[in-house]
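Sending over a structure as structure tokens; questions will come in a sec.
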Amino acid sequence: MEVRHDWTVAEVRALLEKPFMDLMFEAQVVHRQYQEHNHVQVSTLLSIKTGACPEDCKYCPQSAHYRTDVDKERLMEVERVLDAAQKAKNAGSTRFCMGAAWKNPKERDMPHLTDMIKGVKGMGLETCMTLGMLTPDQAGELADAGLDYYNHNLDTSPEFYGSIITTRTYQDRLDTLSHVRDAGMKICSGGIIGMGESTNDRAGLLVELANLPVHPESVPINMLVKVKGTPMENVDDVESFDFVKLIAIARIMMPMSAVRLSAGRENMNEQMQAMCFMAGANSIFYGCKLLTTPNPDEDTDMQLFKKLGINSQQVAQKPDEIQENELLDQVVERVAARPTKDDMFYDATV
């Protein structure tokens, strides 16, 4: 099967209408052709700035527009981020993702963010950030610091998007992905299933992702986690087989990408997760929380992997020890040189 960038909604609809077992078989064949089977990459996600986001994404408990139980927090200290990254590495993660509830980072944020990247890289982990929209210069600055992946989801189809978010446009999201790609970083971009979208909208999301000039290296498929206080708290649940089908179709359409089984796993039983892995999912977030929503704990995931005979990816080749120590020393020196803790870790929500 060739890698394509010219998919249509009609083609995706045709895949959705296939018998379930036939679709699963096709996805598994593609998966084994392009990916290492029985292998799952493990990432950890940390919220480095939580709550009070000015965006109005209707699914998000961190939005300042809704009354939820999420408290706003300041930008996390670099030392705390590095401590969390070390714990994630010790638990088996190979990629450390850092998320901030912003519309976009301000220039005052950039030195702290680049220190986080360099410190985590110094541990031998891959790095990923999700910070909202980026300018070309900001993308270049993150890339120069060594950021491997940047996450910026499309969320849904262009047609349904305006029903979910009004504070940034679909084109804003596509522009940020272009800036990230132009800066030389890898892209993590996917969407959310279960927000009341139609079958055509689900197909349209996958078409948008698969028809990018280069497929995202990582495609997170999230199942909506309904949070009290958001406009999405009472939407209907996603039918399990429908969700698994979308994992399979993402694998078929983007065969070289990692398809990440992302938010919503806490609400999936072992059998549903196993079907998702069979359908081509080969990446998960590891740890008890995704930003502010629950996630299965590490022991539960390892038990499931053992039952299924799945191997989690081990930490990639460690950087040269001298280089690692130099990177960490540079970060510590820069942090120590800054005036005061209060000056450095301002309230990033203002």
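The backbone N, Cα and C atoms fix where each Cβ goes, and this holds for glycine too.
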According to Swiss-Prot, C97, C188, R260 bind [2Fe-2S] cluster; which one of C60, C128 is listed for that same site?
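Given C97, C188, R260 bind [2Fe-2S] cluster in Swiss-Prot, the matching entry from C60, C128 is C128.
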Determine which residues of this chain, when C97, C128, C188, R260 are set aside, have a Cβ within 8 Å of the centroid of the [2Fe-2S] cluster site's Cβ atoms, and list them as they appear in the sequence.
S43, L45, R95, T130, Y149, N151, S218, P220, F285
Cα within 10 Å of C188 ([2Fe-2S] cluster binding site) is the criterion; apply it to the binding-site residues C53, C57, C60 and give the hits in sequence order.
none
Excluding C53, C57, C60 themselves, which residues in that chain have a Cβ inside 8 Å of the centre of the Cβ atoms defining the [4Fe-4S] cluster site?
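Residues close to the [4Fe-4S] cluster site, other than C53, C57, C60: E55, D56, Y59, P61, Q62, S63, H65, A101.
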